[in-house]
Ligand code: GDP
């Protein structure tokens, strides 16, 4: 049986108990199931009050139901939603009834979205945007994911692909003239200029890349410095501030290895190198290994010291800010002395009392702002997308370079370019990828 002959269902809302739970169904039996629960078919796309009953006619719950007949639905199939009270017992009763219905099964993670994709409702970049939107922690991540969900990259890729196919048609039309000598310039010239323009556009999107990818993953700041400089105290100070903690991750019960901050919408992970230590606990070892990995690729190092003469140990290429801690103790060296190997700026804080924390956080926000730059132009959020756009650009470049090699070679390179864009959109050759992409989704999505 084709998997799509089966109707899928899942809890599409959050963990139970909750005020309301949404059970979503998609597939050709969604309507039958809805009718059997509600006793009648509600009007399409109208929230309708209904008393749900089980197979024996016993009431389950007072609910609101929605009916979205395909193909004008989110998945392109018949979709029904049951908005029930969010109790475990209610949802269990609904699930038990659904499971007993023929050709009905629980959905795999991301299966609703996958069906939407397979039915042509969304392209692959939009599916990726949807996944990012669900996992967005900060406002800027949300905005970026929404741009992608709205298909900005997909729209561009589709337009590029059409233009490549047009250019290739012009060139291939020329192949028929080949016997009579060169392709007429009135065919070749517009094709070449179109390819040239496309290349410029794709390259500009590629050059704005990276930042958008980083916004998805966040910026990494490492706190380093000599023992007892106050690194752990600073971490605790960050956790205590309400500024924007998304989640602290503890290495041991005592030490926090990393905190995730939402700084003015920019996701920033701060890692304490003091928390990175040898341990026998395998779970902790994994945390330590990851923290060390991330620290090695830090975007900024805060070098904490409790005296003005501390030497900075560079780690990688990241800029280093010297942060002078324990200023509540008063200067223990000559005030205002510029340390010998300082890298600007010098920030002065007391991790214990919190003095200077506002300034430190402000400096981090402006660092993040500069770092991400004009994120609006960033359309690429994933390595997969970047690679395919690069392949497109390379093939276009080869096509232009092949002008002396003949139209067949040019047309072949254009075909490769169009194919890469087709992959970006999920149109061709992506079967193996789909499992990987959709498996990361939530169940019920
Ligand atoms: P780490 O080894 O760099 O993680 O340093 P800790 O955070 O464990 O701090 C070492 C010692 O310095 C502890 O006794 C802290 O209480 C103290 N300390 C940390 N920050 C400050 C500060 O701003 N002022 C003062 N007076 N003491 C601090």
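Glycine too: its Cβ is placed from the backbone N, Cα and C atoms.
These numbers come from a predicted model, not from an experiment.
Annotated features in TrEMBL:
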type: BINDING; residues: 24, 81, 121, 445; note: (6S)-5-formyl-5,6,7,8-tetrahydrofolate binding site
type: DOMAIN; residues: 218-369; note: domain 'TrmE-type G'
type: BINDING; residues: 228-233, 247-253, 272-275, 350-352; note: GTP binding site
type: BINDING; residues: 232, 253; note: Mg(2+) binding site
| query | How long is the line from the C-alpha of residue 81 ((6S)-5-formyl-5,6,7,8-tetrahydrofolate binding site) to the C-alpha of residue 232 (Mg(2+) binding site), rounded to the nearest angstrom? | reply | 49
| said: Within a 10 Å radius around the Cβ, which one of these binding-site residues has the most neighbouring Cβ atoms: 24, 121? | reply: 24
| Across the domain 'TrmE-type G' (218-369), average pLDDT on the 0 to 100 scale | 74
| said: Does any of 81, 228, 231, 232 have a Cβ within less than 6 Å of an atom of ligand 1? These are the binding-site residues; tell me which, or none. | reply: 228, 231, 232
| Across all protein chains in the structure, which of the binding-site residues 231, 445 has the highest Cβ count within 10 Å? | 231
| task | Let me know the most crowded of the binding-site residues, choosing from 81, 351 and counting other Cβ atoms within 10 Å. | result | 351
| task | To the nearest whole angstrom, state the Cα distance for the pair residue 445 ((6S)-5-formyl-5,6,7,8-tetrahydrofolate binding site) and residue 351 (GTP binding site). | result | 43
| request: Measuring CB to CB from residue 228 (GTP binding site), give everything in the same chain under 8 Å that is also at least six residues away in sequence. | output: 306
| request: Select the closest residue to residue 351 (GTP binding site) from the following binding-site residues, measuring between CA atoms: 24, 121, 232. | output: 232
| task | Could you measure between residue 24 ((6S)-5-formyl-5,6,7,8-tetrahydrofolate binding site) and residue 232 (Mg(2+) binding site) for me? Cα positions, answer in whole angstrom. | result | 46
| field | residue 121 ((6S)-5-formyl-5,6,7,8-tetrahydrofolate binding site) and residue 232 (Mg(2+) binding site), Cα-Cα, nearest whole angstrom | value | 50
| C-alpha spacing of residue 121 ((6S)-5-formyl-5,6,7,8-tetrahydrofolate binding site) relative to residue 231 (GTP binding site), in angstrom | 50
| What is the Cβ neighbour count of residue 232 (Mg(2+) binding site) at a 10 Å cut-off, with all protein chains included? | 17
| request: Using only the Cα atoms of 24, 81, 121, 445, which the record gives as binding (6S)-5-formyl-5,6,7,8-tetrahydrofolate, return the largest interatomic distance in Å, rounded to a whole number. | output: 19
